[in-house]
Structures are given as structure tokens and as C-alpha cells.
Amino acid sequence: MEQQRNEATERLLSRQGHPNLVYNEENGGVGVGDEGLVTVSNFTSILGLSTLTAACITFGFGCAIGYSSPTQSSIMEDMGLSVAEFSLFGSILSIGSLIGAAISGKITDLFGRKMTMWILNLFYIGGWLAIAFTKAPSLLNLGRLSLGFTNGISNYLASIYVAEITTKNVRGRFTIIVQLLTGWGASFMFVVGSFVHWRTLALLATIPGLLQLLLLFFIPESPQWLAKVGREKELEAALLCLRGDKADISHEATEIKDYVESLKSFSSEGILDIFQKQYVRPLLTVAGVLVLMNLGGINALAYYSGAIFVSAGVSSMVGLITVAATQTVIGILGATLIDKLGRRPLLLVSSAGLCFSSFLTGVSFFLKDFNWWDQGSPIVAFIGVLMYMGSYALGGVLPLLLLSELFPINVKGSAGSICNLMGNFTGWLVAYYFNFLIEWSSTGTFFIFSAFSFANFILTATMVPETKGRTVEEIRASITHSSD
């Protein structure tokens, strides 16, 4: 198949008056040998700027997730909130995410990737301003609900946009770099939130939204979305912008248009299309990984890690700052390895790490409950939480990357809405009930998280395909073949 595709590309270029041009697989584009180079580059300044714009979304996503952890005690004191009321404040982010996730795929398909970013910024900046200037718990919750709505769409949107503007050789690396900013956003909240007032922290969190508003004036729309809505001239202009003014984008433009046109012949874009036989396996796989990862406790540790450290006998400030450093280092490592080792191996390592670290944290609380090894149990808890956050930084983005790679554009919106909805619903369950579960049994809670992470490891080992270095057409063909 690959040889036929390359030969077809060379014939296409020859017909267009470029007899010396050949398809350059290593470069991810088109080039010539002896008389110069006309190439579709893997990286240009506009591609970098577009990726930075998407990164602003995910950095803001991380800010919203990490905000409640360092501010819990001060908000409860200033606003007079009970544990139940703060649990509502923490978990209402997931309720907003549920609402956003339910329409994430359709709204990005309807308005386009770029326009959706404009819309989300209104909710993002408005949500933080509501929190910063609130005088009543109701406005506090409304602001967090608005941030949750933004998160429900933006996490999906950033992965989809980056996957659609990059070449296959760097798609994984760019996507995980963008999602790495989620961890950095949370880390920013952890570190800065340890030193500034919670209202000031909310104002600082508006910075990525304001920066993105500026960058949106300079980036192109997704070429795949432009092809889907029939704006072919804008499609070619967007590709030239992303690949370089001197690049020959004829092959890529033709491939995108032919691919989108072929999808129209058998799909009317209804929500039920996603339940066709060829999509059932990838839908169950991605939704299952997202659900099990959320049931494995990521929202609990992201929202309440400061309180977890305190209950385990570890300094909250030291713990949160160390978590921030760990997420950064492991996230960079994941970005380096993803296009070398592949998605599946990293997801397996991540799931195994989440399973073991949750179990280790549960053991630390077990030792603490029975007053066994009083000096060592806080160290075990500290190591367990660090391993957990590091494991998530390594593979937490991969389900969304798989979502962008496994589904063609005609059903990607429906798949995104369903998978995001299921993931955010289970995330809300964990976030809301975590404080009550901890009161029931800290040990039992983390053992439950470990069991769900183990189930995720089994699902990944048996169901998740490898998509590294493969085009959307090749991935879809393999999935269709396996479902026959």
C-alpha cells in the first residue's frame, strides 16, 4: 500500500510539471534530489505559532484543574464553606465539563476549530473573573462551572486541531507537547498558589486566555475542516501557511480533498453513524480507556492533592512543588519518546504506573491507620503520589490523541462528544465523592483506584492499536479490516 501511494504521488507531481519531484517519506513531504528542494516541512513558524495557540487552551485547562488543590483551606475559610460545599466547588468543574463534552464534537464541526477557540475564551476569561471578584458561593460555583464548560470542549479541541495541522511524522510529538501544557498549568497553580491569595491566583489564570486571543489573529483554520465544508481555496492557503510559502502542497491538498469526499459518499454525519460496525471497536476502546483512567482517580489527585499530602503527613507546599517538577520532567520525556516508541507502549507503561502508585499510596495509609512505621508511611505516600502524577503525565494525553487518529472526520465529532461525555461523567463522580470516600477509608479508596488502573492496563494490552507513523487512511483501513 505504501509503495502504491508513493508511486501515485510521483505520477501526480509529474503531471503537474514537476518531473523531478519525489515523495520524501523521511521528511514527511515532497522533495527533489539533485536540483534543489521543494519540500513540505514538518515544522514552520506558523505551525509553531498554531501549536502555541492550542497550547494556551491546554495550559488554561490545567490551571482550572489545579486551582482547587492549593486554595482549598483559604477558600473554605474566607467564604465559610463546609467540606460538602467545597466538594461541590471542586467537582462542579466536572459538571461543566460534562455539558461541554456533550457538544464538543458537534460545536467544533459546526463553527470550525478556530472560531470555537474564540467562543471558549469568553467562557474561560469570564469564569476566572467571576471567581476572582465573587462575594457569594453561588458566583464562585458559577465561575467554576463556566471553566468546566470550557474544559469539556477545549481538551478535545486542542488535540484535534494539532493532529489536523501536523504531518504524520510529528503528529504524536506535537500533540503530547500541547497536552503537556495541561500538567504545566496545574503545576503553575500548585506552585504559585502556595504563595499568593486565591483571588490573585484566579486573575493570573486569565493570562493564557488573553494570550490566545492575540494569537488567534495569526493562525489558519484546520485544513481538514476547510475541506469538509467545501472551502477549497482556503484549504490550500491554510496548507501553504502551515508548510511554507515555497512548499508544494498539491499532494497533501489532493489527499485531504479525496479523503473527505470519499467519506461523504457513505455517511450523512448523523450521530448514529458512529455506531456502525467499523467504528464500534475504536469507540469502545477510546471510551473505555478514558472512563477507566478517570475512575483510576486522576481528578481526585489533581483537585485535592494538597489535602492528600496533609492527611498523609507530608507538607502540602513541598508536595505540590515536587509534583509540578515531576510532571514537567516526565511530560518532556513522553514527548521525546512518543514518535519513537509509539502510543501503545507509553499507554501501557502509564497504566501500570498508575496501578502501582495507587496501590503504594493505599499501603501508606494502611500503615498510618495501624500506626505501623510512622516515620516511613509519609515517605511511601509521597513517593506514591509523585509516581501517580508522573505516570499520568506520561500517558494521560494518549486517549485524546487516539481519538483524533482512530476516527475519520465524518464521525470524529460524534465520537468526541460520546467519549468526552463518558470520561467527564466518571471524572465528576470521582471528584465529588472523593472527600467522602477518604472519610470512609483512605486505604480502600486508593486500592479501588489501583484496581481500575489495572483494568485499564488489560484493556490497553488487548484493544489499543498502534498508530505511530501511519496516515489516517491507513489507520482506518486496519480498523475496518479487523472488524470484518
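From the backbone N, Cα and C atoms, a Cβ is placed for every residue, glycine too.
According to TrEMBL, the feature transmembrane segment maps to 46-67 (among others).
Under the heading domain 'Major facilitator superfamily (MFS) profile', TrEMBL lists 48-468.
The transmembrane segment annotation in TrEMBL covers 79-103 (among others). Beyond its flanks by at least six residues, the transmembrane segment (79-103) meets 64-65, 68, 72, 134, 137, 140-141, 144-154, 156, 299, 303-304, 417, 420-421, 423-425, 427-428, 431-432, 434-436 of its own chain at Cβ-Cβ distances under 8 Å.
Sequence annotations record features per position, and here TrEMBL assigns transmembrane segment to 115-133 (among others). Beyond its flanks by at least six residues, the transmembrane segment (115-133) meets 53, 57, 60, 64, 107-108, 139-140, 142-147, 149-150, 153-154, 157, 199-200, 202-203, 205-206, 209-210, 212-213, 216 of its own chain at Cβ-Cβ distances under 8 Å.
The annotation transmembrane segment is assigned in TrEMBL to 145-162 (among others).
If you look up TrEMBL, you'll see 174-195 (among others) marked as transmembrane segment.
Long-range contacts of the transmembrane segment (201-219) within its own chain (CB-CB distance under 8 A, at least 6 residues past either end) are made by residues 46, 49-50, 52-53, 56-57, 59-60, 63-64, 67, 70-71, 114, 117-118, 121, 124-125, 128-129, 131-132, 143, 185, 189, 192-193. The transmembrane segment annotation in TrEMBL covers 201-219 (among others).
Using a Cβ-Cβ cut-off under 8 Å and counting only residues 6 or more beyond its ends in the same chain, the transmembrane segment (283-302) has close neighbours at 65-66, 69, 94, 186, 274-275, 308, 347, 351, 354-355, 358, 385, 388-389, 392, 396, 398-399, 402-403, 406, 415, 418-420, 422-424, 426-431, 434, 445-446, 449-450, 452-453, 455-456, 459-460, 463-465. Residues annotated as transmembrane segment in TrEMBL: 283-302 (among others).
Residues 69-70, 176, 180, 183-184, 186-188, 190-191, 193-194, 300-301, 346, 361, 364-365, 368, 377-378, 381-382, 385-386, 389-395, 397, 438, 442 of the same chain sit 6 or more residues outside the transmembrane segment (308-334) yet have a Cβ under 8 Å from a Cβ within it. The transmembrane segment annotation in TrEMBL covers 308-334 (among others).
For 346-367 (among others), the entry in TrEMBL reads transmembrane segment.
Residues annotated as transmembrane segment in TrEMBL: 379-403 (among others). Sequence-distant neighbours of the transmembrane segment (379-403) (same chain, 6+ residues past either end, Cβ-Cβ under 8 Å): 155-156, 159-160, 163, 172, 175-176, 179-180, 182-183, 282, 285-286, 289-290, 293, 297-298, 301, 305, 308-309, 312-314, 319, 322-323, 326-331, 333-334, 338, 343, 346-347, 349-354, 356-358, 360-365, 367-368, 412, 415-416, 419, 423, 446, 464, 467.
The transmembrane segment annotation in TrEMBL covers 415-434 (among others).
Residues annotated as transmembrane segment in TrEMBL: 446-464 (among others). Away from its own ends, the transmembrane segment (446-464) comes close to residues 281, 284-285, 288-289, 292-293, 295-297, 300, 343-344, 347-348, 351-352, 354-356, 358-359, 361-362, 365, 384, 402, 437 of its chain (Cβ-Cβ under 8 Å, at least six residues beyond either end).
Comparing 46-67, 174-195, 346-367, 415-434 for CB pairs under 8 angstroms to the transmembrane segment (145-162), the maximum falls on 46-67. Using a Cβ-Cβ cut-off under 8 Å and counting only residues 6 or more beyond its ends in the same chain, the transmembrane segment (46-67) has close neighbours at 93, 117, 120, 124, 127, 144, 147-148, 150-151, 154-155, 157-158, 161-162, 165-166, 174, 177-190, 193, 201-202, 205, 208-209, 211-212, 215-216, 218-220, 241-243, 299, 302-303.
Taking Cβ pairs closer than 8 Å, the transmembrane segment (174-195) reaches residues 51, 54-56, 58-67, 69-71, 155, 158-159, 162-163, 166, 201, 204-205, 208, 302, 305-306, 316-317, 320-321, 323-325, 327-328, 331-332, 334-335, 338, 389, 392-393, 396-398, 400-401, 404 in its own chain, all 6 or more past its ends.
Averaged over the domain 'Major facilitator superfamily (MFS) profile' (48-468), the predicted model has a pLDDT of 86.
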